[in-house]
Amino acid sequence: MGNLMNSSSRSGSPSDSNTLKRFFKKTPIRTILLCGLNHSGKTTLLCNLTSDLIDSVGDDVEQVSTCPTVGVSLVEINQRTSNRVKWRVWDMSGQGRFRNLWGYYSGHVQGLVYVVDVTDSDRIGVSRDELQMLLDQPRVKESRMPILLFANKADMSNMDDERGGVDQTKSKSLSLDNIRLAFGVDSLSQHHKIKVLSSSGLTGTGVAEGFGWLSEAIRTSEKAPFRRVATN
Ligand SMILES: Nc1nc2c(ncn2[C@@H]2O[C@H](COP(=O)(O)OP(=O)(O)OP(=O)(O)O)[C@@H](O)[C@H]2O)c(=O)[nH]1
Ligand SMILES: [Mg+2]
């Protein structure tokens, strides 16, 4: 450390001073809540985020195996890219008996990641109601925290198979438009910055982009809290 200081003060060039600034700059901490129905893929997405950020995934898709989360699990991730961020994630269980915990943990977070399984069209209404209940919590309402809504399991979504036919098991999956409509995203965007993004915890699609957006949305809303856009 002493050497670093001495050599910098001797040369005194702007690049030395930038290096020092970066060295001493505190890594911002982003505390977020990760919610969504059971089996939607929250923990898998988080595992993928971890492996993505430590650059351990090559071209091969890594097999991630998860167990249903019991209650809540706190995961801390140091993002080591140019925009360093420390993520502190409350990974909530989506099982019915634990969903009442979401509200308890929502008070001291800066953002929300909400995960929807695009293959689970039968429970889309339940998922929407649970999100609405969370957003109705006074502290969530007041904070107007940014929301990242992952339309997850995109690897299983509506696509023609290689032979040009439509796979019937995939044809039931929800499109981004279905999800925007079902969750009333236009209306939610009056109160929160919100992004709806296709994702896959298995292939990593959307994970880096989504968390990058959330980090920036939190940074800007701390500088200038979100205000409702006037509509006449
Ligand atoms: N095909 C596919 N399967 C996925 C994806 N994400 C998760 N899964 C599978 O879905 C199952 C549930 O994943 P989890 O990550 O444990 O789900 P969770 O939302 O954390 O569930 P709870 O902890 O019970 O709330 C596992 O078998 C995963 O392998 C995905 O993007 N694509
Ligand atoms: Mg889980």
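Glycine too: its Cβ is placed from the backbone N, Cα and C atoms.
TrEMBL does not curate its annotations; it predicts them automatically.
Gly94 is the residue from Gly94, Gly103, Gly107, Gly204 that TrEMBL records in the GTP site together with Gly36, Leu37, Asn38, His39, Ser40, Gly41, Lys42, Thr43, Asn152, Lys153, Ala154, Asp155.
If you take the Cα of Asp155 (GTP binding site) and the Cα of Thr69 (Mg(2+) binding site), they are about 22 angstrom apart, rounded to a whole number. Close contacts with ligand 2, defined as a Cβ under 6 Å from any of its atoms, occur at Thr43 among the binding-site residues Gly36, Asn38, Ser40, Thr43, Lys153, Asp155.
Thr43 (Mg(2+) binding site) is 13 Å away from Lys153 (GTP binding site) when you measure Cα to Cα. The Cβ of Gly94 (GTP binding site) lies under 8 Å from the Cβ of Cys35, Gly36, Leu37, Asn38, His39, Ser40, Lys42, Thr69, each of these being in the same chain and 6 or more residues away along the sequence.
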